[in-house]
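According to TrEMBL, the protein carries these features:
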BINDING   H76, C91, C94, H95  heme c 1 binding site
BINDING   H112, C158, C161, H162  heme c 2 binding site
COMPBIAS  162-179  compositional bias 'Polar residues'
REGION    162-200  region 'Disordered'
Amino acid sequence: MKLGKLTLGIITAATLLVINCSASKTVSEESLGLRTTNIYSEDTTTSDKTQYGSKPAGESTKIKRAFENAPPMIPHDVEGMLPITIDNNQCTMCHDPAVAQSMGATPIPKTHFTSFRPQTELTKDGVMLQNGKHLDNTIDIKTVEKPLDSLSGARFNCSQCHAPQSEGTKAPKNNFSSEFRSEGLNGKSNLIDTINEGVK
Ligand code: HEC
Ligand code: HEC
């Protein structure tokens with residue numbers, strides 16, 4: 001009986017200690033989100049306006065790559081260029097490798113003129129064929145790299161991967177710092193040379 005009371009006493013004391021400790025570590029509501037605002041009066045909180053760079057192509061400053069072979073952000077104004085449609089893709093008018101240099105624009109890289117899709121077909125009865133041969137498992141499909149004469153259809157919609165960057169003052173602090181394995185990769189890509197890294 002005595003032991004029971006003692007145990008109860010210890011448990012109570014331990015619980016109080018825990019409650020006390022956690023009470024001293026309060027989290028204010030203002031610090032709960034990135035908005036640093038009181039969540040009960042956040043209807044007055046306004047977010048940053050989206051403000052893409054207004055410098056025209058040719059006068060903007062390129063943005064350093066976020067990581068190795070990241071799709072570069074669009075540094076210049078894209079007013080009137082988006083959305084990209086089948087009849088109107090202005091991006092290629094300056095970034096096509098045939099003209100890019102004369103426009104001072106980065107040429108569209110080789111990866112965008114390459115098909116990475118395996119040549120497969122599906123028969124009427126649902127059998128998958130690769131080069132006429134039956135495939136048991138899609139895992140048998142090796143990475144293919146087939147150079148194309150023109151831009152790959154998978155790369156036509158530039159803004160699917162390349163985005164303009166909005167300038168804001170309210171962005172939370174970001175401690176990310178990128179590391180590149182070789183010189184200059186923060187300003188250019190070399191994916192076509194490293195695409196099979198870790199696979200072959
Ligand atoms: C009038 C020519 C022109 C057009 C049209 C154009 N660009 Fe550019 N682009 C440039 C130039 C020139 C640069 C280099 C930065 C500068 O001088 O402003 C550039 C830079 C870029 C970069 C950064 C490249 C790097 O190496 O960091 C990307 C990404 C880009 N453009 C994508 C696009 C996309 C996507 C479109 C279509 C929505 C587009 N551009 C339309 C001329 C153009
Ligand atoms: C499916 C995503 C995707 C699409 C769509 C796409 N890109 Fe890219 N782009 C990338 C990635 C990822 C890279 C970096 C790796 C590489 O070179 O492939 C890149 C790199 C680039 C570069 C930098 C090349 C260098 O040498 O540093 C330019 C310029 C570029 N793309 C322009 C375009 C334009 C213009 C279009 C539309 C015609 C386009 N891209 C469509 C993903 C894409």
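Every residue, even glycine, has its Cβ placed from backbone N, Cα and C.
A map of TrEMBL features onto the structure.
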{"residue": "H76", "record": "heme c 1 binding site", "contacts (Cβ under 8 Å, 6+ apart)": "G53, K55, P56, A57, G58, E59, S60, P164"}
{"residue": "C91", "record": "heme c 1 binding site", "contacts (Cβ under 8 Å, 6+ apart)": "M81, I84, C158"}
{"residue": "C94", "record": "heme c 1 binding site", "contacts (Cβ under 8 Å, 6+ apart)": "A57, A100, M103, A105"}
{"residue": "H95", "record": "heme c 1 binding site", "contacts (Cβ under 8 Å, 6+ apart)": "M103, A105, T106, P107, I108"}
{"residue": "H112", "record": "heme c 2 binding site", "contacts (Cβ under 8 Å, 6+ apart)": "L151, S152, R155"}
{"residue": "C161", "record": "heme c 2 binding site", "contacts (Cβ under 8 Å, 6+ apart)": "P71"}
{"residue": "H162", "record": "heme c 2 binding site", "contacts (Cβ under 8 Å, 6+ apart)": "P71, P72, M73, I74"}
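For C158 (heme c 2 binding site), the Cβ neighbour count at a 10 Å cut-off comes to 22, with all displayed protein chains included. Helix, strand and coil residue tallies for the region 'Disordered' (162-200), in that order: 4 helix, 2 strand, 33 coil [DSSP]. The heme c 2 site, placed at the center of the C-beta atoms of H112, C158, C161, H162, has further neighbours from the same chain whose C-beta lies within 8 angstroms: P71, C91, I108, R155, N157, S159, Q160.
Listed in sequence order, the binding-site residues among C94, C161, H162 whose CB lies under 6 angstroms from an atom of ligand 1 come out as C94, H162. Annotated heme c 1 site H76, C91, C94, H95; additional same-chain residues within 8 Å of its Cβ mean position, judged by their own Cβ, are A57, I74, M81, Q90, T92, M93, M103, A105. C161 (heme c 2 binding site) falls outside any helix or strand according to DSSP and counts as coil.
Of all Cα pairs drawn from H112, C158, C161, H162, which the record names as binding heme c 2, the longest spans 13 Å.
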